[in-house]
Amino acid sequence: MTTIKTSNLGFPRLGRKREWKKAIESYWAKKISKEELDQTLTDLHKENLLLQKYYHLDSIPVGDFSLYDHILDTSLLFNIIPERFQGRTIDDDLLFDIARGNKDHVASALIKWFNTNYHYIVPEWDNVEPKVSRNVLLDRFKYAQSLNVNAHPVIVGPITFVKLSKGGHQTFEEKVKTLLPLYKEVFESLIDAGAEYIQVDEPILVTDDSESYENITREAYDYFEKAGVAKKLVIQTYFERAHLKFLSSLPVGGLGLDFVHDNGYNLKQIEAGDFDKSKTLYAGIIDGRNVWASDIEAKKVLIDKLLAHTNELVIQPSSSLLHVPVSLDDETLDTSVGEGLSFATEKLDELDALRRLLNQNDSVKYDKLKARYERFQNQSFKNLDYDFESVRTSRQSPFAQRIEQQQKRLNLPDLPTTTIGSFPQSREVRKYRADWKNKRITDEAYETFLKNEIARWIKIQEDIGLDVLVHGEFERNDMVEFFGEKLQGFLVTKFGWVQSYGSRAVKPPIIYGDVKWTAPLTVDETVYAQSLTDKPVKGMLTGPVTILNWSFERVDLPRKVVQDQIALAINEEVLALEAAGIKVIQVDEPALREGLPLRSEYHEQYLKDAVLSFKLATSSVRDETQIHTHMCYSQFGQIIHAIHDLDADVISIETSRSHGDLIKDFEDINYDLGIGLGVYDIHSPRIPTKEEITTAINRSLQQIDRSLFWVNPDCGLKTRKEEEVKDALTVLVNAVKAKRQE
């Protein structure tokens, strides 16, 4: 009988209580030394490695741990340093500056990692001299060995790394070939150090364009075969189906496939005989992207099917566990829902249960997990009826008519200015919210504090000269979690944090039941803010697509049904704001693009459903009420027509890190709705210059009608310091005032 082995593709960096984030931000704030930072992160890395060892994994990943982002780590490994940062020592401070920017230079672009809510730092190839320059991967592998951990190194593969890069004059194929000797050098150093195999992540090979990469992929891995290292390589794919017959023809030692998010195709390919049995199959059978406990009995059935077509089988999560929280141990959850959950640590336990059952005929842990899953499934979370048909899915009048009524009502100037919604969440703001949640202060004391903070920032905005104001969202910890706390059908955990980008962590709510609006969510704060000024104050909501994409979704209903349930709830809040006299309502959809399926065959239906849900949430208002939306971090070319179909009166889009590349997407579409392209990067502490903002405006106006153009930062300002925000917005408004005089 074949012995089943277990492995993992990656583990969360954050720590159970965000120790990683706190240490890094303390270092940035100069509250701890570099030595203290290094010690804290070393301790956390050790904890991660030993935890995985506790669950008897046969091989544990190293190289997944990072000080910021594993793609940026790979850039530094190969000396792919942005030209503006070249000439410096390659160390952690350089890494942080590339990721965050500094007073002299803008940060590198930040892009979604495939269709997840993780973001990577885009490698830049302009005038680089690739070489192996900082082999942190080797250092971390040796550290794992010192702990007696059976580890395997993890590195993003050459095809994926280059495809996710930008800049330079070489072709895609030329860049790959440039890197091959460097990958070889790194592989050899790891093998010489004792690596039994090396995990080479090539998720780009599950995308639509993967067939066009097959020639260069074959050339790359043939090169590694000639170098004598290919048999030590395991190509890991995840998030979708792969072209198994092609991958099986490559001269590597093993292949990793996703058997959760592949829509059943990978198993069909296995059963069709497309897998080369001389290789080891690394089967991603435990969902690495969602928090629900596995149907462990179904996983055993899947393993039995795979065993009929493989000689060596390793079971693993479907992807890195980076995308889920660390552990349920610190949560105090209602048993009715808690029994159905599985975070990163619990997923390792599921793998261990299957290993024990299949290798040792030890069913104790398996039987326990099976009974727990069955208890959860026997509950009913489908209790509500919905009347989707009675709610409008289109505005009363076309945009050309609406905008006339809106302009009469709002009386906005040429090139109106606004912000995206949130203002800095100072330590005081966070402390008051924590004290209120933990019942250390009264509701009245907390409400008084919020009103004072709202009033202070309304005055700041008026003094700066912004045209459309916001209340600042000081009552919100997160733009999705806030709504998860207030809508029926959501569960919000205490420590369910996941990394979004850099030190930015989010705590996605868990959708476990039918979603319903039961009371106003944002009306009080917005109405109070509006009472303080004659300028319009935007109501600020998160849209249904983003709430779904940034939550851990239930899997017992189709996505569209859950999305439309959320849309009806947001529609109720939109109407409540309108009834309270709010003239401008923003329904943010920053995650619309990121949820786009990796395979184009699913795009049309996804976008159709997304547009319908947004319109379900926003179309019931009167013509004179102006609907805004916001999107960020996205490559919009594929969805530009869907963005237009949303029929939002104004859309603001993050573009600053892409240096205006997005504007090209408007060349093939006559975009005739209001639009603001972000004119400066809020993810960096750097204050933009008046000239930079003017240049961004001028470039935008080459493609966009001036009468439709708004000027705004590229995203919310929650993570910035107060003085940074004031200074940057002052520069923005002054640049616009000068532009109005032209």
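Easy rule for this one: first residue shown is 1, then count along the chain.
Just so you know, glycine gets a Cβ as well, placed from its N, Cα and C.
Among the candidates Asp295, Asp304, Asp564, Asp588, the residue that Swiss-Prot annotates alongside Ile420, Gly421, Ser422, Glu473 as binding L-methionine is Asp588. The annotation in Swiss-Prot ties Arg18, Glu19, Trp20, Lys21, Lys112, Glu594 to 5-methyltetrahydropteroyltri-L-glutamate, and of the candidates under consideration, Trp125, Trp550, the one tied to the same site is Trp550.
Counting only same-chain residues six or more apart in sequence, the Cβ atoms lying under 8 angstroms from the Cβ of Arg18 (5-methyltetrahydropteroyltri-L-glutamate binding site) belong to Trp497, Ala505. Cβ neighbour count for Asp588 (L-homocysteine binding site): 24 (other Cβ atoms within 10 Å of its Cβ, all protein chains included). Ranked by Cα separation from Glu594 (5-methyltetrahydropteroyltri-L-glutamate binding site), the binding-site residues Gly421, Ser422, His630 are led by His630. For the pair formed by Ser422 (L-homocysteine binding site) and Lys112 (5-methyltetrahydropteroyltri-L-glutamate binding site), distance between Cα atoms is given as 21 Å, rounded to the nearest Å. All chains included, 25 other C-beta atoms sit within 10 angstroms of the C-beta of Gly421 (L-homocysteine binding site). The sparsest Cβ neighbourhood within 10 Å, among the listed binding-site residues (Glu19, Glu473, Glu594, Glu654), is found at Glu19. One residue stands out among the recorded positions Lys21, Lys112, His630, His683 for having the most other Cβ atoms within 10 Å of its Cβ: His630.
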